Amino acid sequence: MWIKLKALSSILSHLLIGIALVDANLRCYDTGNFTLNSTYGKNRDLILASLLPNVSANGSFFTANIGQNSNQIYALGMCRGDSTPNGCYTCLNASIQDLIASCPNRKEALSWGGDPPCLACYANHPFFGILELQPIDAGYNTVDITSNLTQFDTIWESLMDRVVSKASSRSSTKYAAGEADFTAFQTIHALMQCTPDLSHKDCDSCLRQSVSNYESCCRRKQGGYFQKPNCWFRWDLYPFYKCNASTAVTPSLSPPPPPPVIK
């Protein structure tokens, strides 16, 4: 059973100040409104519509801006690195419709939708390449890891470090997935992704803070995720993503022992 952290009480509740929570996967920012059928409103609909054909056609990520002065608007769309073009289009289309329906006159809004997830957001100010750590969407599995805890922590932390490093070092997609054996019957799977407009340093920081946030609230649960405007992270004990050689992180293996000397 999965629990979604809606309030992120104690450690992370302050991150939701100034955000109007409409749905667990959608945020309408309380930073200004516009009049329906205004120039800004028409620009908002146009730029969101432009994301649909362009995200899938441009490596699962696209940014755009249109308009002048107070009517200028910026938008970003991204799909998870293992999404198919059709899955990416379907996810973004649903997310965009949710944004328009749930935040009809807000000048700034963000949506994480679908499974695998996609990201759609817009604002009346430049935000490309700028690290944003809030708002947050998060959740975890209610079942606990109950055995070999020290071993689990060591393997888990090592895998997270490797996948963060791999994702942040990539120049285009900034996406990576990897796995590590916990027991003979259990494998830890992890996925990390940043918006490609982030620098290596900011991507690394965003992902490591997400991992740290998860450890603070949900340590040793059997799976969980954190999503922020610039990055998302998820892990579980089953393969929830489609992996390939370009994104996979292979575990470090010791070299095989030398062959025996035959006398």
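Quick reminder: no glycine exception, Cβ is built from N, Cα and C everywhere.
Nobody curates TrEMBL annotations by hand; they come from automatic prediction.
Lifted from TrEMBL, the feature list:
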- 22-127: domain 'Gnk2-homologous' (DOMAIN)
- 133-240: domain 'Gnk2-homologous' (DOMAIN)
- 1-24: signal peptide (SIGNAL)
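Counting residues of the domain 'Gnk2-homologous' (133-240) by DSSP class, helix then strand then coil, yields 40 helix, 32 strand, 36 coil. Mapped onto DSSP helix, strand and coil, the domain 'Gnk2-homologous' (22-127) counts 40 helix, 32 strand, 34 coil.
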